[in-house]
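What TrEMBL says about this protein:
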TRANSMEM  A:20-39  transmembrane segment
DOMAIN    A:20-438  domain 'DUF112'
TRANSMEM  A:45-69  transmembrane segment
TRANSMEM  A:109-132  transmembrane segment
TRANSMEM  A:144-162  transmembrane segment
TRANSMEM  A:169-188  transmembrane segment
TRANSMEM  A:200-220  transmembrane segment
TRANSMEM  A:253-277  transmembrane segment
TRANSMEM  A:323-342  transmembrane segment
TRANSMEM  A:354-374  transmembrane segment
TRANSMEM  A:386-406  transmembrane segment
TRANSMEM  A:418-442  transmembrane segment
TRANSMEM  A:469-489  transmembrane segment
């Protein structure tokens with residue numbers, strides 16, 4: 001019954017009016033900005049991150065999580081109505097979703113996405129609550145060597161799933177790790193890569209780096225492209241799925257949820273992989289599989305359920321081990337660190353309100369999404385029509401004000417400018433930004449654990465392979481690297497990412 | 001197969017970062033030994049790996065018999081105007097205050113698009129400036145005043 005009492009703690013946190021309000025604001029803003037064309041969930045979170053600094057830690061993380069699944073959902077709305085995926089994980093939704101919209105069935109498609117997401121969210125929330133505690137206990141037996149190996153594994157998985165060349169993704173990780181080391185060395189007090197700037201003694205400002213890379217550089221990229229020809233927004237019509245629709249939705253939603261929950265837990269996994277795999281599986285196993293691609297409701301329900309489940313279970317490694325499994329959780333870890341909370345297995349015992357509050361808020365947030373999105377769909381469609389001419393100066397103002405507000409100082413804004421340009425260069429050279437940010441966040445942690453492990457072993461490098469858990473993790477990392485480099489898999493993998501872009 | 005400018009540039013970038021960081025780690029910091037690690041050892045190791053990856057990426061890009069067609073040029077216009085906007089915010093935020101500085105930077109930024117005209121841009125910037133002042137200074141209570149030190153003397 002410990003499980004129930006834990007959930008009770010969570011409910012008492014979320015039921016506080018202020019926290020409910022933050023959850024609502026997060027979900028609302030997330031959806032609103034996620035719907036805007038050309039602004040993905042990463043840019044949304046990065047942009048709104050500074051707004052949470054003034055809140056309590058619980059309020060901040062609840063709001064951030066709300067922003068995350070709100071923007072995720074907003075992305076699928078544009079995917080269905082305009083064939084514009086707000087983000088990679090709703091790419092597959094465009095296939096059948098837009099076809100349904102063309103046939104005048106946009107309403108049921110939106111409903112299927114919302115209901116699928118809600119069911120998946122509910123199941124995944126329970127899963128997170130059940131799995132996180134035992135994983136945390138396991139994590140307490142981890143020594144620095146295991147932590148080091150686990151982070152290496154996470155980084156390797158993130159490369160395997162990054163778009164583009166493996167080698168370049170590896171390079172981006174090293175670059176991220178290096179830049180993450182900027183600042184004062186905790187063991188010796190030596191300052192590294194600070195170029196004599198006192199402002200850099202505490203390291204580069206994570207928010208400035210993230211907002212620059214995902215907010216500013218995205219604007220430059222959008223403006224450099226040709227003026228997009230936006231298709232007309234499909235008419236929505238009745239939202240209610242027919243009885244036939246409802247019957248056909250159930251199995252795909254359940255399959256999507258199961259697959260998504262599983263794949264979301266993988267370090268480096270999360271929503272993207274989940275949605276792709278569930279679409280492919282659905283095509284094979286569904287009795288209506290042959291209709292998929294021409295506007296079958298299964299093609300919307302399954303991947304939408306899967307990406308939402310994956311988005312939520314990707315919080316499991318973050319909450320229990322303190323290791324980000326994708327860029328979104330990396331951003332949230334960054335926010336927690338700013339709040340003075342060190343993410344890791346200690347959180348569950350030291351800040352039970354934060355931990356259980358977040359888990360319960362995921363479910364409450366999903367319910368709000370359902371209540372918010374279907375009735376308000378007309379308003380979101382209006383937002384879709386805001387021209388980019390007005391949007392991008394507004395986004396720039398938000399980015400600057402947000403980054404300025406971190407310490408009420410101008411210095412982070414220079415970092416914002418530099419990383420905005422750098423982000424554009426990386427993107428132009430087809431270097432994925434996700435491994436960079438993961439490396440950037442993990443840089444100090446991975447070095448600290450590496451040094452501590454070697455300090456304990458007296459400089460014996462074999463400590464990483466003689467401890468069984470550590471050896472197992474490293475072996476998995478090596479196998480994963482070998483598998484994705486195999487010519488056959490490599491071709492398959494490139495195919496998937498070509499389809500996506 | 002074509003010679004890929006992108007791959008070669010990406011490789012060159014990794015090599016440059018690897019050299020720069022490797023140099024600083026090896027000569028500016030205590031490297032130490034594996035038994036007693038200094039602050040320079042971990043970054044030095046990373047720089048060497050990065051350098052190696054850079055070489056491999058560039059080498060991959062050179063595998064080809066003909067030159068790929070030239071890629072699109074550098075979009076100087078958005079790069080200049082947007083960087084100018086953010087730098088202006090950093091320079092003038094405290095002296096001008098929230099309202100004037102937001103007006104200034106959104107006005108500058110809006111010219112990142114070629115089609116922008118002065119009058120509509122002025123109007124739009126004014127609207128955004130008022131909106132941001134209301135939201136951030138009054139609504140969220142950010143300590144940046146609506147009018148800065150310049151207007152108070």
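FYI, residue positions are counted from 1 along the chain as it appears here.
Placed from the backbone N, Cα and C atoms, the Cβ positions cover glycine too.
Mean pLDDT of the predicted structure over the domain 'DUF112' (A:20-438): 83.
When the stretches A:20-39, A:253-277, A:323-342 are ranked by Cβ pairs under 8 Å to the transmembrane segment (A:200-220), first place goes to A:323-342. With a cut-off of 8 Å between Cβ atoms, the residues of this chain six or more beyond the transmembrane segment (A:20-39) that come close are 14, 47-48, 55, 59-60, 62-75, 77-78, 82, 84, 86, 218, 222, 228, 230, 361, 364-365, 368-369, 372-373, 380, 383-384, 386, 388, 391, 395. Sequence-distant neighbours of the transmembrane segment (A:169-188) (same chain, 6+ residues past either end, Cβ-Cβ under 8 Å): 155, 158-159, 162, 194, 200-204, 209, 426, 431-433, 435-444, 446-448, 451. Stretch with the largest number of CB pairs closer than 8 A to the transmembrane segment (A:323-342), among A:45-69, A:354-374, A:469-489: A:45-69. The stretch in closest packing with the transmembrane segment (A:354-374), judged by the count of Cβ pairs under 8 Å and taken from A:45-69, A:253-277, A:418-442, is A:45-69. Long-range contacts of the transmembrane segment (A:253-277) within its own chain (CB-CB distance under 8 A, at least 6 residues past either end) are made by residues 72, 88-93, 115-116, 119-120, 123-124, 127, 131, 150, 153-161, 285, 301-314, 316-317, 323, 325-326, 328-329, 438, 496, 500.
No contact links the transmembrane segment (A:386-406) to the transmembrane segment (A:109-132), because fewer than 3 Cβ pairs that are 6 or more residues apart lie under 8 A. As a quick check, the transmembrane segment (A:144-162) and the transmembrane segment (A:109-132) miss the bar of 3 or more Cβ pairs under 8 A, pairs 6 or more apart, so the two do not touch. Within the chain carrying the transmembrane segment (A:109-132), a Cβ under 8 angstroms from the stretch's Cβ atoms is held by residues 3, 6-7, 69, 73, 76-77, 80-81, 93, 96-97, 100-101, 236, 239-241, 245, 249, 252-254, 256-257, 260-261, 264-265, 297, 300-302, 304-306, 308-309, 312-313, 315-316, 319-320, 348, 355-356, 359-360, 362-363, 365-367, 369-370, 373-374, 377, all 6 or more beyond its ends. Sequence-distant neighbours of the transmembrane segment (A:45-69) (same chain, 6+ residues past either end, Cβ-Cβ under 8 Å): 13-14, 18-19, 22-27, 29-30, 33, 39, 117, 121, 207, 210-211, 213-215, 308, 311-312, 315, 328, 331-332, 334-336, 338-341, 351, 353-354, 357-358, 361-362, 365-366, 368-369, 395, 398-399, 401-403, 405-406.
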